[in-house]
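Working notes, structure below.
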Amino acid sequence: MHQIDVKILDNRLRETPPHYATPGSAGLDLRACIEAPLHVEPGQTTLVPTGMAIHLADPGLAAMILPRSGLGHKHGIVLGNLVGLIDSDYQGELMVSVWNRGHASFTLNPLDRIAQLIIVPVLQVGFNIVDDFDASHRGEGGFGSTGKA
């Protein structure tokens, strides 16, 4: 198992530090480290602190902040940037861009779970500039070009 450095910036997280909920969990819950309830109106986007910072320190890794499925499906609360990408050399506090795409005001309470953090492998590549590609079956076929499911 990889180990990464985590800096707890909000002491309330020391009681319940980020952890995998089950052995099969891919993501760790990120919490809203706010002092008072925060009302997010329809169409509003706001940055919410998570009370923690990470330093992956390995260019072969990156972190991704993803939405929690229940918040999006039940309340229309998703990430304002859709996915947050955290580079291996970033060391600042993790912030979550919360967007209310729903039709009703939503209240975030202190320490509510607002997003998930996953760690993913990264492959940096070099580019070989070419004039043409070798032919493939798909070619330039794009959106919907492979037929119906």
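Cβ atoms here come from the backbone N, Cα and C positions, even for glycine.
The substrate binding site annotation in Swiss-Prot covers R68, S69, G70, N81, L85, I86, D87, M95, and the record cites sequence analysis as its basis. All protein chains shown were included, and the count of other CB atoms within 10 Å of the CB of G70 (substrate binding site) stands at 10.
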Take the Cβ of I86 (substrate binding site) and count every other Cβ within 10 Å, whichever protein chain it belongs to. 20
Tell me, by DSSP, whether L85 (substrate binding site) is helix, strand or coil? strand
